[in-house]
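Below is one structure, written out as structure tokens, with a few remarks after it.
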Amino acid sequence: MNDFRLMSLVTALLYGALCVYMGGWYIGRWTGNFSLLLFLLSVVTGLYWLAERFKFRPERLAAAQNFDAQDAERRAELARQGVDFVDGTATHEARDALLRQPWWLDWTAGLFPVIVVVFMVRSFVVEPFKIPSGSMIPTLEVGDLILVNKFRYGVRLPVINRKIVSNHDPVRGDVVVFRYPVNPALDYIKRVVGLPGDVVSYRDAVLTVNGTPVPTTALGETFDDESQRYMARFTEDFGTNVHRIQRYPQVLPFNPDATQNFQRFRDRCTFDLKGFVCTVPAGHYFVMGDNRDNSEDSRYWGFVPDENLVGKAFFVWMNFRDPGRIGGFQ
């Protein structure tokens, strides 16, 4: 019984710590790490599951068997005394109480199978994300709930994100989720426009890769609710990937002083009022938002290392404001 009281107290403290962590995350006191949280929950509930499987459940079964033996002896003694009927309701209730799983096992070991399945699927198959900003308009809208293929660019260990099995490399035009190089606790989503070794130029709102302008076709203007301005939309063709982008109708001057990566990557990039030219280093990618004049991307904070890649975004599974957006995208 002392073990049960101790485990009840320990479990209550663990749930209290979980509530504090989730509450602080929700109100913005600190940045949460859901992958780490799922990993820790899998480990802790797994330990409870093992304890239940090999210690607590056998102990409850043994206690029930002992209770049955004692009950059989009692009934035999009553029969010898000529008592033919005994109400067994209390006996059944007492036996059920011996077999009943305590709350601290029900809410730990009982949840382990669900938690570990969610952890494995989220870590190695697909992971859901929510689009928080308009940097990928018109491809992705604020509030889109998307799925990300976690094995497209290789199998990575959860939490530390270390690649253990290689698969495909990103190609130009892929929409990728990655850990923000400036703060890896944050996940960003952008489009790959430059591969390792590529020379990427964006001058006078024209994207050029390795000396060749990326073909675009004008689609006309549309009113953008987020910026409250009219935006010019185009299709952009990387050959294997045709998608839509938008920017201001007029060409805006590029401000090199606004680039956070100017000092870090001055040996790789040159900046002026017309734009920039960058050579992408090995093992890195150049990414941009489809909302070209409203996106902080590689133009401002630099290249994305391969080890920061999380996966390839491929499907909108829900937008509660506009369910018609459900479906795949380029």
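Placed from the backbone N, Cα and C atoms, the Cβ positions cover glycine too.
Database features, via TrEMBL:
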- 7-28: transmembrane segment (TRANSMEM)
- 34-51: transmembrane segment (TRANSMEM)
- 104-125: transmembrane segment (TRANSMEM)
- 105-318: domain 'Peptidase S26' (DOMAIN)
- Ser135: active site (ACT_SITE)
- Lys190: active site (ACT_SITE)
Beyond the flanks of the transmembrane segment (34-51) by 6 or more, those residues with Cβ under 8 Å of it:
14, 21, 104-105, 108-109, 111-113, 115-116, 118-119, 122-123, 158-159
According to DSSP, which of helix, strand or coil covers Ser135 (active site)?
coil
Given a Cβ distance threshold of under 8 angstroms, which distant residues of the chain, six or more beyond its ends, lie next to the transmembrane segment (104-125)?
7-8, 10-12, 15, 35, 38-39, 41-42, 44-46, 48-49, 51-53, 56, 150-151, 155, 158
Including all protein chains shown, what's the count of other C-beta atoms within 10 A of the C-beta of Lys190 (active site)?
24
Specify the count of other C-beta atoms within 10 Å of the C-beta of Ser135 (active site).
22
About how far apart, in whole Å, are the alpha carbons (Cα) of Ser135 (active site) and Lys190 (active site)?
8
Taking all residues of the domain 'Peptidase S26' (105-318) together, what is their mean pLDDT?
90
